[in-house]
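Have a look at the structure below, then the notes.
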Amino acid sequence: MIKIENLNFSYSKQRILFKDISMQLSNGHIYGLLGKNGAGKSTLLKNLAGLVYAQSGKIDVFGFDPAKRQPAMLQQICFIPEEFHLPAIKIDSYVKANAAFYPHFDHQYFADLLKEFDIPVGQKLIDMSYGQKKKVIIAFGLATNAKLVIMDEPTNGLDIPSKAQFRKIMASALTEDKCIIISTHQVRDLDNLIDTVIMLDENKIALKATVEEVTEKLCFKRVKELDETVIYAEPSLAGYNAVMANYHQEDSKLDMELLFNAVLTEKNKLKPIFN
Amino acid sequence: MEFRDNKAIYLQIAEYVCEHILLEKWQADQKIPSVREMAVNLEVNPNTVMRTYELLQNKNIINNKRGIGFFVADNAITHVKSYRKAQFMEDDLPTVFRNIYLLNIDFEELQTRYNTFVKENF
Amino acid sequence: MNNTFNLHRFTLLLKRQWLEFGKIFLITLLVATGVIVAFYGLTLLPLEELGYVSRRLGFREPLFFIFGFLFISIIASSYFAHLGQKSKAIIDLLIPASTFEKFLAGFFFTSILSVLAFILIFIITDWAFIAYIKSYFKTGNVKELADVEMFFNKNDINSFAPLYLAPFTVTSVFLLGSAYFNRFHYIKTAICVMLFSGAWTYIVMNSVEAILSNKTPINRYSHGKDTMEWVLFAIIALFTLVVFSITYVRLKEKEV
């Protein structure tokens with residue numbers, strides 16, 4: 001369980017990121033963190049991992065205060081940053097040097113993940129492409145069996161087959177005791193993987209709802225003409241892709257990109273629906 | 001499996017399971033893939049598959065043997081048919097009716113067309 | 001679980017840090033060895049006359065102190081340098097070891113290992129050259145040639161105690177620089193040291209002038225250790241400890 005209470009964060013007086021945000025995340029979910037560039041996705045993730053310090057507010061990660069950076073908490077965190085640097089050594093030396101810090105590290109699982117990702121074990125990390133290195137740290141991070149998995153744009157740099165492998169790996173990585181948070185711009189890569197969306201906008205959490213809650217309240221469909229039930233629409237080949245209030249209990253497929261744009265442009269219409 | 005855009009993923013997975021049962025790829029009392037296997041296979045969130053399996057359990061199409069997994073129910077085919085029928089009536093029939101009404105199609109013409117279609121295809 | 005210090009975790013951390021920092025360390029050490037050897041070689045070779053060689057060995061002190069200072073300060077100022085780069089810092093800060101252990105590993109590699117390593121390569125090089133010179137001048141009076149043991153004996157603790165704190169003071173300051181600045185650690189630290197010591201000297205000189213002017217010094221020619229030396233020792237020790245604590249706090253508060 002992760003709790004954020006009244007978090008205020010800014011890099012400077014001019015650059016305020018979060019104003020008094022609160023939310024709870026529970027285990028057994030894959031949260032998708034969405035937001036415009038500069039909305040603070042990475043910063044929120046860093047707050048959870050204790051990599052930056054907020055001006056005020058409380059963060060509780062499995063009973064720990066992440067800002068204290070205690071080993072007992074760090075063991076439970078797998079953080080895949082968007083940009084990272086790995087030392088110029090072989091994969092097995094890397095594992096030898098780092099795995100022992102994690103009491104639940106699973107070497108067999110790590111080997112299986114590398115195999116799934118097509119990474120040769122004996123290879124030196126420095127000879128690898130960005131995408132390959134990313135796969136290595138994803139595999140390492142998951143093999144630590146950390147309870148909180150934080151991924152910042154994990155599909156960046158992965159080729160098309162790797163994205164499918166990644167989705168399979170994440171689908172199998174989610175267990176009841178894990179909390180997985182993925183920030184992404186490339187919603188289409190991950191939309192079936194995410195079960196709860198969190199959207200950041202204007203220093204606030206603009207929306208936090210499960211896919212089930214969203215599709216209960218909203219309906220996503222193609223329409224020929226716009227009427228007053230349509231909250232937000234984008235023109236498409238055959239009419240419009242529309243978001244509308246779900247009056248008829250239709251079970252539509254959540255279109256995350258459309259939802260995202262709807263939240264950004266039609267805040268006032270959506271607010272009463274979700275409260 | 002390719003998902004279509006117009007229907008909730010969990011319902012599309014339900015259709016996928018029903019399809020397997022109707023085609024008798026999975027037979028009565030046979031174990032079906034676990035939630036995790038299905039999620040990995042379809043690259044979707046395990047919670048979505050769980051929702052599908054709960055739905056199919058409610059429709060008596062599959063049942064859950066605790067600790068072992070999910071199995072195709074005894075009269076699964078019958079239940080699949082009634083579930084699919086209900087869905088057809090609810091989702092697809094209104095569109096067909098709308099077209100029949102708008103285009104002034106005669107019921108007798110429909111009947112003959114239906115008979116030839118069945119003869120040709122089944 | 002002890003979240004401040006655990007010996008097992010600490011040894012794991014040392015091994016892990018060595019894997020990356022060890023490369024920088026060994027390369028620097030190799031360069032240092034090369035420079036020392038070259039210095040000895042260029043100054044002493046070709047060997048011509050024993051008396052001449054004996055007089056020339058006077059370069060050892062400045063070489064030991066100046067080059068020793070350079071070596072340990074360079075090592076210290078590179079230890080936490082990578083924390084200035086986001087891509088490297090995130091992974092390091094998230095390694096499940098306490099900040100205290102991470103700081104202590106830095107202390108171990110810079111203040112202890114680098115100092116010992118430098119003394120060792122200096123001793124070995126010096127010993128090798130002296131041995132060579134001795135074997136070359138079989139006929140001359142080689143006993144006058146101070147070997148490395150004598151070199152260290154004549155600079156022992158009785159001569160000036162605060163000198164023994166110098167390696168810790170130097171490494172503490174440059175270690176702080178490496179944790180404090182995000183880029184150009186060495187230059188920035190060096191400039192700060194110069195400004196700081198300049199200001200300090202100015203203040204001390206002026207206050208001494210103000211306090212002691214028109215007063216007659218007594219006990220001026222006392223030999224051996226006087227209290228002033230120990231006061232200086234205490235001040236430097238305190239300063240070093242303060243710098244180390246600031247480094248620890250800075251590490252604790254490092255954000256990426």
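Using N, Cα and C of the backbone, Cβ positions are placed for all residues, glycine too.
Copied over from TrEMBL:
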type: TRANSMEM; residues: C:21-42; note: transmembrane segment
type: TRANSMEM; residues: C:62-82; note: transmembrane segment
type: TRANSMEM; residues: C:103-133; note: transmembrane segment
type: TRANSMEM; residues: C:160-181; note: transmembrane segment
type: TRANSMEM; residues: C:186-205; note: transmembrane segment
type: TRANSMEM; residues: C:230-251; note: transmembrane segment
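Here the transmembrane segment (C:230-251) has Cβ contacts under 8 Å with residues 80, 83, 99-100, 102-103, 106-107, 161-162, 165, 168-169, 172-173, 175-176, 179-180 of the same chain, all six or more residues outside its ends. Long-range contacts of the transmembrane segment (C:103-133) within the same chain: residues 5, 10, 13-14, 17-18, 21, 25, 29, 32-33, 36-37, 40, 44, 47, 53, 60, 64, 68, 71-72, 75-76, 79-80, 142, 145, 147-148, 151, 167-168, 171-172, 174-175, 179, 244, 247-248, 251, each at least 6 residues beyond the stretch ends and with a Cβ under 8 Å from a Cβ of the stretch. Sequence-remote contacts of a segment are chain residues at least 6 beyond its ends whose Cβ falls under 8 Å from one of its Cβ atoms, and for the transmembrane segment (C:186-205) they are 73-74, 77-78, 173-174, 176-178. Within its own chain, the transmembrane segment (C:21-42) is flanked in space by residues 59, 63, 67, 71, 74-75, 78-79, 109, 113-114, 117-118, 121-122, 125-126, 129, which lie at least six positions past its ends and keep a Cβ under 8 Å from the stretch.
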